[in-house]
Amino acid sequence: MSKKPTVLMILDGYGLNEKTEGNAIALAKKPVLDKLMKDYPFVKGNASGMAVGLPEGQMGNSEVGHLNMGAGRIVYQELTRITKEIQDGDFFENTQLIKAVENCKKNNTALHLFGLLSDGGVHSHITHLYGLLELAKRHGLENVYVHAFLDGRDTAPTSGKSFMEALEAKMAELGVGRIASVTGRYYVMDRDNRWDRVEKAYAALVDGEGVEAANAVEAVAASYAEGVNDEFVLPTVVVKDGKAIAPIKANDSIIFFNFRPDRAREITRAFCTDDFDGFVRKSGRLPLTYVCFSEYDVTIPNKSVAFEKVSITNTFGEYLAEHGKTQARIAETEKYAHVTFFFNGGVEAPNEGEDRILVNSPKVATYDLQPEMSANAVADKLVEAITSLKYDVIIVNFANPDMVGHTGISDAAIKAVEAVDACVGRAYDALLSVDGQMFICADHGNAEQLVDYTNGEPFTAHTTNPVPFILINYDDSYTLREGGCLADIIPTLIEMMKMEQPKEMTGKSLLIKK
């Protein structure tokens with residue numbers, strides 16, 4: 001039998017930083033947490049970048065942190081998932097991408113690659129286009145054309161020219177691909193049914209009509225000279241001997257490498273819908289092999305999807321319910337959605353046997369005015385839940401280090417950490433009184449850096465710092481391994497509870513024999 005209850009305590013925004021300047025966690029008097037880190041197994045865990053499914057070097061956040069924890073696996077966003085598949089090589093075996101390539105081989109037709117030429121990472125990423133060019137090269141395709149949509153919103157307003165030059169260099173290096181047209185996202189990525197804009201983009205792509213230029217870099221330079229930046233570049237076709245070099249024709253293949261749906265739908269409708277009524281298509285719907293990077297809209301026909309959405313099944317909450325275990329989720333308002341909706345993989349409804357205990361956050365303009373927030377009331381509910389012995393598992397979040405950390409006010413953040421430390425002490429005493437077990441962690445850093453080390457200004461964002469993992473009152477013959485991440489926490493709890501990890505969870509338990 002395992003000990004009961006098993007408590008997962010999340011100290012929101014409690015990161016670990018070796019510098020003490022602007023570090024509310026180092027500057028706070030926190031006798032309880034200091035003692036627990038000394039007396040019990042303690043390691044640093046990774047809560048940012050690829051370790052939580054975000055781009056390398058990107059700070060973690062509460063939504064992503066709780067999603068990864070509850071899932072017991074790294075949950076990759078589309079951006080990182082596709083990037084990772086390119087790195088791992090799975091990308092080059094993707095069934096739908098291969099289908100587009102094979103169609104070109106069979107019909108001796110062109111492969112058109114279009115999407116937002118940008119490293120903004122919001123709608124697309126230029127490295128994904130490079131992956132597609134590599135795919136075309138591996139298959140020996142010769143008629144490969146890029147239709148570049150220029151950004152200037154998620155990137156600098158005139159960065160398009162440098163992206164274009166980088167793309168030209170990559171195509172020269174690979175020996176495959178030519179830029180056939182250039183269009184500002186204003187025209188081709190509308191999302192408000194402004195079909196007059198989309199029509200201009202479509203005319204350039206299919207009919208070879210629009211502003212004419214000898215090459216893409218020249219087209220962009222000319223647009224800048226007119227005072228028109230990336231977002232608003234008029235649909236422009238690259239011409240040779242007065243004719244567009246590569247209008248899209250029947251039986252061609254298109255791969256649209258935007259992964260965010262909202263601004264990819266309209267142009268996709270224009271290509272794929274049989275009874276399209278946004279504007280008149282001169283040739284009607286062209287028969288094409290049209291592949292979208294993600295599912296833009298299930299109602300759009302005549303297309304396929306390269307990267308289907310991954311649903312998160314068998315989260316920790318589901319798993320506990322399936323095994324007849326009881327669970328409590330406790331948080332104040334600010335973090336209530338995180339310990340419920342996000343922890344459950346984006347599912348709103350509670351699981352069987354899951355009690356949700358909400359404590360109202362204080363009604364103040366900013367939390368530096370009340371840095372203790374509602375931590376004491378959360379601790380009251382937590383102590384009550386522990387000592388009731390009603391629950392097999394209790395998941396609790398203390399919001400203070402994050403919410404007060406966001407104000408950038410050091411004195412308040414120090415008080416916030418001290419308030420939480422006292423609450424941890426109360427929970428620890430209650431836990432020992434019933435011989436329960438606990439794992440303390442954080443979802444990302446924040447309160448440990450309240451100053452920008454480059455310029456001395458207040459720093460109010462999350463960080464990429466590691467977070468604490470502390471194992472409380474489990475089994476003295478075990479310790480924790482280094483190098484873990486948030487996805488490893490639930491597999492650890494499952495082992496602590498002497499249960500079997502489900503196959504959907506790919507995180508690895510942090511427990512190791514001493």
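Glycine too: its Cβ is placed from the backbone N, Cα and C atoms.
Per Swiss-Prot, these features apply:
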BINDING   Asp12, Ser62, Asp443, His444  Mn(2+) 2 binding site
ACT_SITE  Ser62  active site, phosphoserine intermediate
BINDING   His123, Arg153, Asp154, Arg185, Arg191, Arg260, Pro261, Asp262, Arg263, Lys335  substrate binding site
BINDING   Asp402, His406, His462  Mn(2+) 1 binding site
Residue among binding-site residues His123, Arg191, His406 with least C-beta crowding, 10 angstrom cut-off: Arg191
For His444 (Mn(2+) 2 binding site), the one of His123, Arg191, Asp402 that lies nearest, given that the binding-site residues are compared by Cα: Asp402
Any further residue of that chain within 8 Å (Cβ to the Cβ centroid of Asp402, His406, His462) of the recorded Mn(2+) 1 site: Asp12, Gly13, Ser62, Pro401, Met403, Gly405, His444, Asn446, Ala447, Thr460, Ala461
List of residues, in chain order, with Cβ under 8 A from that of Pro261 (substrate binding site) and at least 6 apart: Ser294, Glu295, Tyr296, Asp297
All-chain count of other Cβ atoms within 10 Å of Asp154 (substrate binding site): 16
Integer Å distance between the CA atoms belonging to Ser62 (Mn(2+) 2 binding site) and His462 (Mn(2+) 1 binding site): 9
Among Asp12, His123, Arg191, Asp443, which are recorded as binding-site residues, the nearest neighbour of His406 (Mn(2+) 1 binding site) by Cα: Asp12
Cβ-Cβ neighbours of Asp402 (Mn(2+) 1 binding site) (radius 10 Å): 31
Cβ-Cβ distance under 8 Å to Asp12 (Mn(2+) 2 binding site), same chain, at least six residues away: Ser62, Lys335, His338, Asn397, Phe398, Ala399, Asn400, Pro401, Asp402, Met403, Ala442, Asp443, His444, Asn446
Binding residues His123, Arg153, Asp154, Arg185, Arg191, Arg260, Pro261, Asp262, Arg263, Lys335 (substrate) - maximum C-alpha distance in whole Å: 36
Binding-site residues: Arg263, His444, His462 - member with fewest neighbouring CB atoms within 10 Å: Arg263
Chain-mates of Asp12, Ser62, Asp443, His444 with C-beta within 8 Å of site centroid, Mn(2+) 2: Ile10, Gly13, Ala47, Gly60, Asn61, Gly65, His66, Lys335, His338, Asp402, Ala442, Asn446, His462
CB contacts for Asp443 (Mn(2+) 2 binding site) [other CB atoms within 10 A, all chains]: 31
